[in-house]
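Below is one structure; the comments refer to it alone.
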Amino acid sequence: MSIQDNLTINEKKVLLALEEIGSASPERLEEKSGLQVDAAMQAAFMLEEKGLVSVSEKMLERYSLTKEGTEYTKTGLPERQIIDFLKKPTSLEELRGHFSPKMVGIATGWLVKKGWAKIENGVMVPSGKVNAGKDEETLAAFTGKAKTLEEIGSDQGTIKDLLKRKLVIKHEEKFRTVSITDAGNALATQGLVLEEEIAQLTPELLKSGAWKDKKFRPYRLDITPKSLYGAKIHPYRRLIEQMRQIFLEMGFAEIKGGIIQSSFWNFDALFQPQDHPARDMQDTFHLNSTCELPTEYFEKVAAMHEHGGDIDSCGWGGAWDKELSRRNVLRTHTTSVTVKYLADHPKSPVKAFCIDRAYRRETIDPTHTPEFEQLEGVVMDKNMSFADLLGLLAEFYHRMGFEEVRFRPGYFPYTEPSVEPEVYVDGLGWVELGGAGVFRREVSEPLGIKDPVLAWGLGVSRLAMLKLGLKDLRLLYQSDIDWLRKSEVCRT
């Protein structure tokens, strides 16, 4: 297909017009081509992509009078009005009797700056007859529409002063020039046939049979179209919403809690010992503040830690430190939210989940960040069992698209029995995605909870890495536009 065959009729009209005049403004091109200015410029830009014309742009500055500037063209600038009034040295007080104090104030500075007068002991002394200044000539040159500096015969210094005085205003206009290139000129001289072409086969053309006598515009199927990047939800946010929707469909209530928690709810209520490495292993962000402990629970929790309370448990032994429990931290897991919710709702049945951010002092690398999302959930009912927990988690992962799910024994301070759910991923094998179990009586008893509680905490970011095929967790939080554009909207 020749270049000429690939030109639309509008492109040909523009090219022929430019062959005659060489270059033109959009308005001149409209006149010579017979096209509307928008259609002419659209054709010009298409010709530019083909190398047949060039489109240059420059900013053109024009100026017009403000309302105040227009008024001064009739009455004269404040300094001109006062200098014309001055026939002899006159006190400023007397001037304020003839002119407004505001005008006298404005004029005084400009009279001195221009050398038209001087101030001696509160008296304005004229310097003699003065000719019109450049600024006055510039104001007088304004008539009608906005003008350039050249059109009003002014200079940058004068116009700058008038802008500062808010007597004129600047308008910036984009000025385009379309010029034919050597390649475009060579093509135009070969002769361009102006023939109407049909770009779309419509039902009307088919019904009437008129398509038989029409020439259709040829299409090139070998050209790759430009990529279009429409707006879409961030892939990580989309996965979080998918998880949220799954639990809502399973009848769970979503709960929220503060990111600042006391050590009591973050550690002690979950039966994590105060002098055990379990706390240090969390790499906690400790805050320089404390809070009051819940009076209805802390003594029972303290007794559970020290000697096992009123149940068949030995506790952790040692003395429980109330002040240590009052210290605030950035929550290291969202379990602090769910256990607090259970304390407020100790009666069965309860089905609640929380998808929110947790914080740990981690070194940033491809698999760790100091901030991460966690999916926490609890189910409390007198008929619940460990088998129900496994079935519930398996159902969740199946709905997330993982066909094979298994569970391995695990250990957590606040659940027994405990498991770690794993899913099978091609190329990676079995991947662990969190922890789960049944709350120990050491956790539930001090809070007044009598029925079994199934609990789990699942790693959202790790699951997202598997679903999105990422090897670097940091991509989920970075503004990598190329990755975001190429990310899948959905997977079937």
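The backbone N, Cα and C atoms fix where each Cβ goes, glycine too.
What Swiss-Prot annotates here:
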type: BINDING; residues: Thr335, Gln374, Leu375, Glu376, Tyr414, Phe439; note: L-phenylalanine binding site
type: BINDING; residues: Glu416; note: Mg(2+) binding site
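Shown on the structure are the features that Swiss-Prot records.
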| residue | record | Cβ within 10 Å |
| --- | --- | --- |
| Thr335 | L-phenylalanine binding site | 28 |
| Gln374 | L-phenylalanine binding site | 21 |
| Leu375 | L-phenylalanine binding site | 23 |
| Glu376 | L-phenylalanine binding site | 25 |
| Tyr414 | L-phenylalanine binding site | 21 |
| Glu416 | Mg(2+) binding site | 16 |
| Phe439 | L-phenylalanine binding site | 25 |
What does the structure give for the C-alpha distance between Phe439 (L-phenylalanine binding site) and Glu416 (Mg(2+) binding site)? Integer Å is fine. 6
To the nearest Å, how far is the Cα of Leu375 (L-phenylalanine binding site) from the Cα of Glu416 (Mg(2+) binding site)? 20
Can you grab the distance from the residue listed as 'Mg(2+) binding site' over to Gln374 (L-phenylalanine binding site)? Cα atoms, rounded to a whole Å. 21
DSSP output for Leu375 (L-phenylalanine binding site) maps to strand
Span of Thr335, Gln374, Leu375, Glu376, Tyr414, Phe439 around L-phenylalanine - largest C-alpha separation, Å: 18
